[in-house]
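Asks: One structure, as structure tokens, below. Some questions next.
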Amino acid sequence: MGDCVGIKYSSVNEGEERKGGHGIPKVSMVPLIFLIFYEVSGGPFGIEDSVKAAGPLLAIVGFLLFALIWSVPEALITAEMGTMFPENGGYVVWVSSALGPFWGFQQGWAKWLSGVIDNALYPVLFLDYVKSSIPALGGGLPRTMAVLILTVALTYMNYRGLTIVGWVAVFLGVFSLLPFFVMGLIAIPRIEPSRWLEMDLGNVNWGLYLNTLFWNLNYWDSISTLAGEVENPKRTLPRALSYALVLVVGGYLYPLIACTAAVPVVREYWTDGYFSDIARILGGFWLHSWLQAAAALSNMGNFVTEMSSDSYQLLGMAERGMLPEFFAKRSRYGTPLIGILFSAFGVVLLSWMSFQEIIAAENYLYCFGMILEFIAFIKLRVVHPNASRPYKIPLGTIGAVLMIIPPTILIVVVMMLASFKVMVVSILAMLVGFVLQPALVYVEKRRWLKFSISAELPDLPDSTVEEDDTTPLVF
């Protein structure tokens, strides 16, 4: 299998063409912003549980603080590492370069599995929002068939091309955020600021609270697995991350601030889909219907972007010789057909899980992957300080270590709060990766399947070249 240890890019090409080596158009700035938006968020659908768990004050403060201690460091690391390694392996290549192919594979396995579990959530959320209008979709065979039909239809969209997915994400993002903007304006005359201060520390469900915040503010690194499809990633990726950060955090805080002050807070009501009920209270049936449609379509945006990230990650791993060569095969639209099919199959298998189980399980696996990313980030800073970094976080090694301490503590807390069932299942899933990697090495040695490193990847010289041309990431 391909050995990625010591990967160092001597440069990131300045003259990336609008079409890649397969003749497929590359992703430009605006679609990239909304791809990141949907990788991370997709809008405030699903954040209601933060109010249920802790009340208005902790929900609002939590999203602000989590953005600072988690989202900003993760976005910064993604900007630096994603431009240092502008290929579809993304974080798998980062970890492989720093820690070797075994740990790179574990990173890929944990992140892919976490992404597929995450994607299994969106058909569930979609049906939760529309079941009030179509009660038959609340359970049984109609619900199962609806999940299958949605999965097939959205999988086909991924098959047709990433640029299509990108512009669909732009349309869905604008459509999904507009009703919240309107609802916030309607809420202004009803706002009672005293409601923002409601808090009961003796009645906080910390597990639900932290998992909800964590789930809604992570996955910034997922866009790195699409870096090979981005037009001029050296400049585009850092800027797109900064713009998306503002869009995501603003998209959470605006409706939380408006709605928790405009209606009396009954915490038990704040569950998935409650924003549509508030829309009915504030604006009537028309706003309720608009927001339900936005919620449904937003979940579809989450689905197609997550599937793109997961499938291109498998393609990138195959291009580095970590997976069999057939994972690197592209369709006539330039999309990773096998990766798409594998990801869709995983979604169908996991769609039976409940909302809370999905969040807890994916968070646990995601935390494992983030630990590896943080280690890789610091090690590459120490071992290869002069390697070309088209964007570099303006911190030295000590500053970089200090930056990742708060999110590392958060990771430990989230993992400790997991239920015993989630912990056992997640650890068993990670152990599968520990067995799978050496098994694939054995398969390659026996030549049962073909493995190869793509000739189209940039040269990976042993020498390091320091580059002063850096792009600022503005927050």
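Along the chain as shown, residues are numbered 1 onward.
Any Cβ shown, glycine's included, is placed from N, Cα and C.
In case it's useful when we look at the structure, here is the feature table from TrEMBL:
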TRANSMEM  27-47  transmembrane segment
TRANSMEM  53-77  transmembrane segment
TRANSMEM  89-106  transmembrane segment
TRANSMEM  141-159  transmembrane segment
TRANSMEM  165-188  transmembrane segment
TRANSMEM  243-266  transmembrane segment
TRANSMEM  333-351  transmembrane segment
TRANSMEM  363-383  transmembrane segment
TRANSMEM  395-417  transmembrane segment
TRANSMEM  423-443  transmembrane segment
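Can you tell me where each of these features sits in this structure?
Replies: Same-chain residues lying 6+ beyond the ends of the transmembrane segment (27-47) with a Cβ under 8 Å from its Cβ atoms: 18, 59, 63, 71, 125, 129, 162-163, 165-167, 169-170, 172-173, 176-177, 180, 212, 215-220, 222-223, 226, 229-231, 236-237, 239-241, 243-244, 247-248, 251-252, 255-256, 272, 275, 294-295, 298-299, 301-302, 304-306, 308-309.
Sequence-remote contacts of a segment are chain residues at least 6 beyond its ends whose Cβ falls under 8 Å from one of its Cβ atoms, and for the transmembrane segment (53-77) they are 40, 47, 195-200, 204-206, 208-209, 212-214, 216-218, 220-221, 241-242, 244-245, 248-249, 252-253, 256-257, 260-261, 265, 267, 370, 373-374, 377, 393, 403-404, 406-407, 410, 473, 475.
Within the chain, the transmembrane segment (141-159) has long-range Cβ neighbours (under 8 A, six or more residues past its boundaries) at 123-124, 126-127, 165, 168, 300, 303-304, 307-308, 311, 331, 333, 335, 337, 340-341, 344, 347-348, 351.
Sequence-remote contacts of a segment are chain residues at least 6 beyond its ends whose Cβ falls under 8 Å from one of its Cβ atoms, and for the transmembrane segment (165-188) they are 27-28, 30-32, 34-35, 37-38, 42-45, 157-158, 247, 251, 254-255, 258-259, 261-262, 275, 278-279, 282-283, 287, 290-291, 294-295, 297-298, 300-301, 304-305, 308.
Remote same-chain residues near the transmembrane segment (243-266) are listed as 33-34, 36-37, 40-41, 43-44, 47, 50-51, 55-56, 59-60, 63-64, 67, 71-72, 75, 173, 177, 180-181, 183-184, 187-188, 190-193, 195-196, 198, 216-217, 220, 275, 278, 281-282, 475 (criterion: CB distance under 8 Å, separation of at least six residues from the stretch ends).
Using a Cβ-Cβ cut-off under 8 Å and counting only residues 6 or more beyond its ends in the same chain, the transmembrane segment (333-351) has close neighbours at 20, 22-24, 112-113, 115-117, 119-120, 123-124, 147-148, 151-152, 155, 158-162, 307, 310-315, 326-327, 358.
Away from its own ends, the transmembrane segment (363-383) comes close to residues 74, 77, 80-81, 84, 91, 94-95, 97-99, 103, 106-107, 110-111, 113-114, 117, 211, 214-215, 218-219, 221, 397, 400-401, 404, 407-408, 411, 414-415, 418, 422-423, 426, 429-430 of its chain (Cβ-Cβ under 8 Å, at least six residues beyond either end).
Within the chain carrying the transmembrane segment (395-417), a Cβ under 8 angstroms from the stretch's Cβ atoms is held by residues 66, 69-70, 73-74, 76-77, 206-207, 210-211, 214, 363-364, 367, 370-371, 374, 377-378, 381-382, 385, 423, all 6 or more beyond its ends.
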